[in-house]
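This is the structure, below, for whatever I ask next.
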Amino acid sequence: MKMPLLVSHLLLISLTSCLGDFTWHRRYGHGVSEEDKGFGPIFEEQPINTIYPEESLEGKVSLNCRARASPFPVYKWRMNNGDVDLTNDRYSMVGGNLVINNPDKQKDAGVYYCLASNNYGMVRSTEATLSFGYLDPFPPEERPEVKVKEGKGMVLLCDPPYHFPDDLSYRWLLNEFPVFITMDKRRFVSQTNGNLYIANVESSDRGNYSCFVSSPSITKSVFSKFIPLIPIPERTTKPYPADIVVQFKDIYTMMGQNVTLECFALGNPVPDIRWRKVLEPMPSTAEISTSGAVLKIFNIQLEDEGLYECEAENIRGKDKHQARIYVQAFPEWVEHINDTEVDIGSDLYWPCIATGKPIPTIRWLKNGYSYHKGELRLYDVTFENAGMYQCIAENAYGSIYANAELKILALAPTFEMNPMKKKILAAKGGRVIIECKPKAAPKPKFSWSKGTEWLVNSSRILIWEDGSLEINNITRNDGGIYTCFAENNRGKANSTGTLVITNPTRIILAPINADITVGENATMQCAASFDPALDLTFVWSFNGYVIDFNKEITHIHYQRNFMLDANGELLIRNAQLKHAGRYTCTAQTIVDNSSASADLVVRGPPGPPGGLRIEDIRATSVALTWSRGSDNHSPISKYTIQTKTILSDDWKDAKTDPPIIEGNMESAKAVDLIPWMEYEFRVVATNTLGTGEPSIPSNRIKTDGAAPNVAPSDVGGGGGTNRELTITWAPLSREYHYGNNFGYIVAFKPFDGEEWKKVTVTNPDTGRYVHKDETMTPSTAFQVKVKAFNNKGDGPYSLVAVINSAQDAPSEAPTEVGVKVLSSSEISVHWKHVLEKIVESYQIRYWAGHDKEAAAHRVQVTSQEYSARLENLLPDTQYFIEVGACNSAGCGPSSDVIETFTRKAPPSQPPRIISSVRSGSRYIITWDHVVALSNESTVTGYKILYRPDGQHDGKLFSTHKHSIEVPIPRDGEYVVEVRAHSDGGDGVVSQVKISGVSTLSSSLLSLLLPSLGFLVYSEF
């Protein structure tokens, strides 16, 4: 969609027609000399809209303004079109910034702008609004409780307090801070009004709710009094149709902004929410939240304007809501004014073009003051027209400023900065333009001479308005000395150059047309004649674009022949379809050039078909039409239709009608599709040279729904809790749902029964149903079968399976339960097997004496085991233990409770190794005796582990002594671990490393020195 344009031109008219020499003055609106390097103010920072929190502790606010200028600018501020009184102590200036101390809403709220000026003029900044933000607390009154029947929908009102600005965010607390409600398909918090909506209330919703409101602009949050929500239990919750209660309104938004639409419905079951743009595709930047209740359109554009619809649906009915989005646009420059220098007495065309929606208006400022509205026309500029100009484009949604300085020039012609070239080359028979560009104001008159001959316009010679001289059909006689004369009312000047005639450049061997197949090579010849005094270069272009041989990717396919100076042959290697087109060879010198072209035809697989459209969408088929793509010079033999579903990223060939799509066809059907499935389609063309690129994929479509035709598999079940019949099956995957409101019908009857009992399971992802019946006989055989259904009908039943209802829990308790205390942390429990056949496992429950029985730990073992080990127990602690027999229906009665005590903890002190001495072929390791503490088990001996360093396994020794002899290691180092042993278990380890090398480790020295008082050094 194109936006309307507004065009405004500025043309300046002089009040005087002639001027003599002048003296430069420094006040607004005067011209400048050639040497003048100053310039008017250019804004680098301008004030922006600012919100000052009323409760801020900072005590000041700053509005920024900074301009670049020479000489430095002077700043001034205005508020609501009145001057800011800088003599007031509350106002101060820092550079160009305005600082307001102790801001007061009554005195300081308003619209501000900054003026920056120097002797070249004055400019005015964009306007900025200073506002005061606040968020009042919620009222202190208690909020009444809300009672709702389970299964019904409800809304809790937030009713936010007074505030500014309106950019609030809302969340809801549940019972305490910071536990926030998580939004899902059933619960929704509107960011428009803050209300909490629940599609249907459940017992788990019971609690106290508080609306939590945040203002990001002033970084403040408040929350309401808690609202008690009390769900009222219902024996059966009744379904009711979808009812949209959160509706979006017609909105006007700005192009480039993000737009949020909210739509939420009450209903039981929870309604599904779908979004669409009526009669048009959804914007590519649109995103739908996980719950479906929020549609966000990012960076909205004019083409996204239109009617949007949300639809809520459940098994009981649907509801729809529509509203329109209107997209407006801030003013935006198409072309704006820039700093300009013009000659005195000339006209100025200064375009100022803006676009926007609605159409912006144009107004002008000169030196900070209103100058004109709309188009401004003046002619024959004077010094009074110099100054700082601002073009302002504005509509209802904002304004934009374009600033520029206008300087008026007046000086006699001079060639000092841009003299004529001393030597100009031109080819015989060609054309030459000799430039003459002096600096002068006003624009001078031009005349030319060759030698002593004055030149006048003719069929071959033309003097341009800008002073340039054009000569056509050049001959040798045109060589010579040329002089350009420039004159205005302030003086005159001239400049001279020499024209030298060269031989022309000509193509003498032109490229010729070529026809090849993809992957082959082609050669384009090119040779030229040229003036030997000049250098010749060849330039190749492809379809009008110069080939850059310096690019690495170019070397793959293009190569030039550099063997001969006058030869520019081009080799095209491994040609691809993209290399087909027109190749042009240009032979050029600094004087002239000559070109010749030829066409390269590359035959290959077809290009992608275009214009793919989907029509006649049905449950298992769609009709496709497309337009023929390029055959790349080889006739198309057939087309292939490919599909991709939402469940896969892979494209697959589709079955079609007709099965073979001939190359002259542009329509066909894709058949054997999955009903109610989202598909994308594309078409691929094939010829004798291969298969081409696929078409652009179609828009995603959904096939019509149909009744399921696949039965659930793996139907079975059984087991479970007493008086239950558990039926299981493998849920059908999404591709077999075939329609909306998908679920299962479960049928079952006693094995010898006549009448099937049927129940409906609405959860499409479940594979389990449990039927409870207090009159059901345990371990009774049932026949069961399952079928799928959707809103289009029922599918076939599965094969009948035979399962048993849950058996009774065991009725006997294990007997002869006994325990054996193994250590401070382990107890062994044993019992006599229960003779009932229905026992599948045993459960041991145990708890410490200081704990409640409800906190008991459990250990489960199979029915073939008659003992179990309890580990990780507390030392020196009373424990209670009981054993029960269990099966899938539960556990039977427990045995009598056994009381026992764990032993005291093992010694906590490690043995202190006092020596490790080599004696012959053995090491003698000696340690101090470990004395147990009063709350530890008495030491009964020591365990020594002799193992290779880096390994965990080794040889274990036991002793009642305080030393042990171990063999000298043959290879590497060994570790000797020593620990005390007691009835409570093993104590803490001490260790020492030994090896076959006769040295004493530094770690061992630290052990020996304090106890022995001297260094023992042994050498064997």
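From the backbone N, Cα and C atoms, a Cβ is placed for every residue, glycine too.
Worth saying up front: this structure is predicted, and the values here are computed from it rather than measured.
Taken from Swiss-Prot, the feature domain 'Ig-like C2-type 1' applies to 41-131. Per Swiss-Prot, domain 'Ig-like C2-type 2' is recorded for 137-223. Marked as domain 'Ig-like C2-type 5' by Swiss-Prot: 413-500. Annotated domain 'Ig-like C2-type 6' per Swiss-Prot: 504-603, in sequence order. Annotated N-linked glycosylation site per Swiss-Prot: Asn208, Asn258, Asn338, Asn457, Asn473, Asn494, Asn521, Asn593, Asn935, in sequence order. Look at Swiss-Prot and you will find Ser1001 tagged as GPI-anchor amidated serine, backed by sequence analysis. Swiss-Prot lists 1-20 with the feature signal peptide.
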Could you say whether, by DSSP, Asn935 (N-linked glycosylation site) belongs to a helix, a strand or a coil region?
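Once the DSSP labels are grouped into three classes, Asn935 (N-linked glycosylation site) ends up as coil.
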To the nearest whole angstrom, what is the C-alpha distance linking Asn935 (N-linked glycosylation site) and Asn521 (N-linked glycosylation site)?
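Cα to Cα, Asn935 (N-linked glycosylation site) and Asn521 (N-linked glycosylation site) are separated by 95 Å.
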For the glycosylation sites Asn208, Asn258, Asn473, Asn593, which one has its C-beta crowded by the most other C-beta atoms within 10 angstroms?
Asn593
Provide the three-state DSSP residue tally for the domain 'Ig-like C2-type 6' (504-603): helix first, then strand, then coil.
8 helix, 48 strand, 44 coil
Return the member of Asn208, Asn338, Asn494, Asn593 nearest to Asn473 (N-linked glycosylation site) in space, with distance defined Cα to Cα and candidates limited to these glycosylation sites.
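Closest by Cα: Asn593.
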Other Cβ atoms within 10 Å is the metric here; tell me which of the glycosylation sites Asn338, Asn457, Asn494, Asn521, Asn935 scores highest.
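In terms of Cβ crowding, the pick is Asn494.
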Tell me the Cα distance separating Asn258 (N-linked glycosylation site) from Asn208 (N-linked glycosylation site), rounded to the nearest angstrom.
34
